[in-house]
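First up is the structure itself, then whatever we jot down about it.
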Amino acid sequence: MEENIEKRICVEQLAIEDLISKLPEVLLSQILSYLPTKDIVRTSVLSKRWKSVWLLIPGLDLDSSEFPHYDTFVDFMNEFLFFSREENPCLHKLKLSIQKNENDPSCVTLWTDCVARGKLQHLDVEFGGRVMEREFWEMMPLSLYICKTLLHLRLYRVLLGNFDQSVDSLPSLKSMCLEENVYSNEASLESLISSCRVLEDLTIVKIDDNVRFLRVHSQSLTSLSVGYKSYYPGEIYYYYDRDRGNSGLVIDAPRLKYLTFNNDQSKSKTISNLGSLVKVTILGPIKISRVVGCTEQQMAHKFLTGISRVRYLIVSEDMMEVISSYLKEDSLPQFGNLSYLKASVWLSSFDFLDILPKLLESCPNLKSIVLETTCIVDRTKATVERRVSSVPECLLSSLEFVEIKNRISVDDGALEVARYFVENSVNLQKVVLRLASSFLRRGNQAVLKDILELPRRSSMCQIEVFNALNGHALCFRKNKITGRVFLDYFDVAESYYGAIVS
């Protein structure tokens, strides 16, 4: 009986296998395309019918580290590309992750040349592992620059040489990501960017290379991210002087909407023709230094003026230090379109409440402000007087939302900043405070109670308090017998705590 059941199961499985195997190769390749590349290749051992089906897949993600030896990977790639060239001209997407040693052969240039001559639309080439050292990197072929079908390109730790600048590069390319590469010279990189006539999204992450001045001139670009990756000594071989003394960044892109700086180390920044700018994000350290003929203040003024038409602005602690230093000598350019500002701040409450009104005066139409603060409280008469002496235009007209996250649990400088907004904002609708539970357990409930009981200039203003660590809202409950108000909150372990605040 059991033998009959087993035979029937085998027959049913074979029938199912036969049904799948009889599907057209085009349909089979579409089904396989939803699997990881490793599993796709494994189907080649199922039967003779499946031996070459995986070679018809339009997109593959190949990692040399998943092969027992690099030579095995080389043989596999050579066979695959030969078949692709002869039988599968519809390879549209390819990612190559290369990890090799000093004795491994250099084949990536040839492979890239092969796929660039087809109908490729997405190409991602990256060198990792031991290949951090530049002598292991490989040169991209000239055929890549003239690939007519390529839409998306990512190159990570490769060498890019000169090319024919009289020919439009990559005529269909929409998105390009260049990370930690080495270029033949500055002019070559500049020409590569400007000759991509329909390029919309560009990301550049630089290292200590031979490109001192990065120039981005584009009539089509809508999104740009510029970053810098530094390595500690011993991590990578340095081939160029690490001193960025005469480094610079030039951006001229009239259609640019989104601009991101991520640890940008260029000393001078020239930004022009950015009338379409919507959002600027400044992450990590940023350098704005004096250059020949211009003081640091003048360079900062040029940079701030260049981004002054933005609607959404996110700035790091380092950028806030630049702004703070600038405000000591001059007022900021007017950010007339700015409606959303997010800033990380590390200052005493005295210093921050000194620059905050000056900062807000340059944002007459600001609607929302989010502050991640590390403000050390400084309760002095001067602080109080300064807090109420200056009321910027946006507080009297447009500001509706304030969020403050306190990153220090032992100080209540963030509450001093919150007090400024609550006392002076005419149309404020909501104030959100994100505080550490340890802050609330260290005798600061009275300070919080003062904030909650402040006379609010806006009758619509609501104040919400959250535990910054777990996002739980803090509740206020009134004892029916004593009339006292209790503050309930949860710590990281979500244990219950209660504190009397009145």
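Counting starts with 1 at the first residue shown.
In case you wondered, yes, glycine gets a Cβ from its N, Cα and C as well.
Feature list (source: Swiss-Prot):
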DOMAIN    17-63  domain 'F-box'
REPEAT    70-98  repeat 'LRR 1'
REPEAT    147-180  repeat 'LRR 3'
REPEAT    181-206  repeat 'LRR 4'
DOMAIN    384-435  domain 'FBD'
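Taking H, G and I as helix, E and B as strand and the rest as coil, DSSP gives the repeat 'LRR 4' (181-206) the counts 9 helix, 8 strand, 9 coil. Under DSSP, the residues of the repeat 'LRR 3' (147-180) split into helix, strand and coil as follows: 0 helix, 12 strand, 22 coil. Residues belonging to the repeat 'LRR 3' (147-180) score a mean pLDDT of 90 in the model. Residues of the repeat 'LRR 1' (70-98) grouped by DSSP class, helix first, strand second and coil last, total 18 helix, 6 strand, 5 coil.
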